[in-house]
């Protein structure tokens, strides 16, 4: 009996010790278990992906930028985005624009899909990495000035895909040449062309071509309008260009600008009309108002001359006879003719109102009436407007029409 009681007491004592131990462990776990949990390492069964810096370091290790990708005959696709055309300078026949140029090619040596990359493409510092890899060294060979934008940093974007495809884009401000005959000025067009080609690789090494999956030239603004011009057409083409080092692919971007001639209609043509019309007023003043008629005619001629000079000063020096030259000179001729008519009337009116021009028509076997100053004024008030109307029909419908057809 005593033995049973002793065993029970031992069990009760051990149970109390066990409960106190569990309580102590619970209190300790309340503060220390998180630390222990952090120290526990869970086995990672998946392979960790490789970051961009590690990939760049590995693919450039032993890379030679002088070697042609794939052994040669690299295909480089070109795309142009036109951001803005800032101005067209007629005196120097050039235009200034901001564009994005995109170059795409494939370099198998830069493929990194086997390196378990974290993403299928990576954007890198174009200004730095581009100098370490092969690139086509292409440029606008006919540009007068070209600068890559550097605000707030150099605007060069370079993206490398896991299969080795390269996407190179940069934003550039350049000045290129334009051509125009000016024969139809002010209803003329400016045709501006940019030639893009590889500067160091001929067709045996690199094939330059326009991109085919999307339009090769895109106007980002939708339409481009300048104070004097509006962009009416743009196109892309290519041709082979022969140089001493070989044959090169040349990509051509053509931009056609139509002049907005509303300014010249208001500032040149309308004043010319008014000057010619004013010169006709002298026909109604009579032979007695010779000084007044002279003032009207001379002032009209001087006003037209100064107006013409202001327009010519803003145009390039060219030997072509422009449409506006024909208009201004013809208008001057009409005003000058009115002054000649005034001189005849003044001559007839020197001896009074009975002065006249004797006609001798014996060779026609008919009688001629004498031409008095009044009759000459009356005839001039009809002949001059009719002649000017005929000139306008010829100028606007025949002369300009033929010039426009010839220059298209």
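Yeah, the Cβs are placed from backbone N, Cα and C, and that goes for glycine too.
Here the structure is a predicted model, which means the values were calculated and not measured.
Checked against Swiss-Prot, the domain name for residue 288 differs from that for residue 323, so they face opposite sides of the membrane. Segment annotation: Swiss-Prot labels transmembrane segment over residues 326-346 (candidates 242-262, 326-346). The range from 221-241, 263-283 that Swiss-Prot describes as transmembrane segment is residues 263-283. On a Cα basis, residue 163 (N-linked glycosylation site) lies 9 Å away from residue 121 (N-linked glycosylation site). Here the topological domain 'Cytoplasmic' (284-295) has long-range neighbours at 339, 342, 345-346, 348-349, 353, 373-374, 377, 381, meaning same-chain residues at least 6 beyond its ends whose C-beta is under 8 angstroms from one of its own. Residue 223 (N-linked glycosylation site) and residue 192 (disulfide bond) are 16 Å apart (CA-CA, integer value). According to DSSP, residue 163 (N-linked glycosylation site) is assigned to coil rather than to any helix or strand. The C-beta environment of residue 163 (N-linked glycosylation site), restricted to residues of the same chain at least 6 apart in sequence and closer than 8 Å, consists of 106, 111, 113. DSSP assigns residue 223 (N-linked glycosylation site) to coil in the three-state reduction, placing it in neither a helix nor a strand. Under the DSSP three-state reduction, residue 121 (N-linked glycosylation site) is assigned to strand.
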